[in-house]
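Taken verbatim from TrEMBL:
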type	residues	note
BINDING	SER66, ASN117, GLU161, ASN168, TYR192, TYR244, VAL262	substrate binding site
Amino acid sequence: MATVINNTMLDAILADVRPLIGRGKVADYIPALACIPGNKLGIAISTVDGQHYSAGDAHERFSIQSISKVLSLIVAMNHYKEEEIWQRVGKDPSGQPFNSLLQLEMEQGIPRNPFINAGALVVCDMLQGRLSAPRQRMLEIVRKLSGKTDISYDAVVARSELDHSARNAAIAWLMKSFGNFHHDVATVLQNYFHYCSLKMSCSELARTFLFLADRGRAPHLTSPVITPLQTRQVNALMATSGMYQNAGEFAWRVGLPAKSGVGGGIVAIVPQEMAIAVWSPELDDAGNSLAGIAALEKLTRQLGYSVY
Ligand code: DON
């Protein structure tokens, strides 16, 4: 239970996993991320009963990258009917790298799930259709959920992604060729890159995603972010697809719904209990934070948490 957690225990977990730093690789396919020091390490927890814990670099902001894919899905859920979303994107794990084109060609331009790049791009295409200012709207939502009005996009990271966007552009154009992408590719890519470039700290991420541990309700907001059913659905998608081709390995080791980003962040949810965010920029072969996973594994073992 939440009462056994304290900052000292989190400090000890970080000390345990720190020797892993040096074994992974900071993402360099987005050049603006390549210069982030690999020795950053942070963890933060927000609990549904109002406690906040943190250790290490928990208050330093970093590029949340694919963690933003959860937020864009939430916004789409607020603006589209269930069937409108799920006829354009699947709910199954891909078992492939997050930026793969393989299945997309074989499966007629319908991405396997909203957390691979193809799926997130379809979701961003949907947002372009229903929001007058998708980038501004995302900032408003993140600021409201985190309670921090100065959270913003990192223009340098967004620009760096645009300069190296061949693969994401290919994904979007391939989906357009199948009729599953309706708006201007360049505009939607720009929105997607901006979402990925959001800069947040572990502490802010844990607060922001607490609604996924509390049946769709953020403690400081009067109206729910999503319904309890949608919350279950998002957590199920995170559990099956949030860690890409290593979703099974992650379920084995950590046992929680989670979403990673190539900035080295991971958000994990203990339903009805807490949201956890970790950050360590060095990644494993699947593009997930190597020491971050190890920290989550130690934490869940110590607390006896797992959804399985
Ligand atoms: O589009 C990309 O490749 C990046 N902006 C996001 C990829 C990512 O974070 C995958 N996560 N582990």
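Glycine residues also receive a Cβ, built from the backbone N, Cα and C atoms like all the rest.
Just so you know, TrEMBL annotations are computer predictions that nobody has curated.
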- prompt: What residues, ordered by sequence, lie under 8 A Cβ-to-Cβ from GLU161 (substrate binding site) and sit at least six positions away in the same chain?
  reply: ILE30, ALA32, ASN168, PHE193, CYS196, SER197
Message: Taking only same-chain residues 6+ apart in sequence, whose CB is under 8 Å from that of TYR244 (substrate binding site), what do you get?
response: SER94, GLN96, PRO97, PHE98, PHE115, ILE116, SER260, ALA286, GLY287, ASN288
- line: ASN117 (substrate binding site) -> DSSP, reduced to three states, gives helix
Field: SER66 (substrate binding site) in three-state DSSP notation
entry: helix
- prompt: Which residues does VAL262 (substrate binding site) neighbour through Cβ under 8 Å, counting only same-chain ones at least six apart?
  reply: ALA27, ILE30, LEU33, SER63, GLN65, SER66, LEU283, GLY287
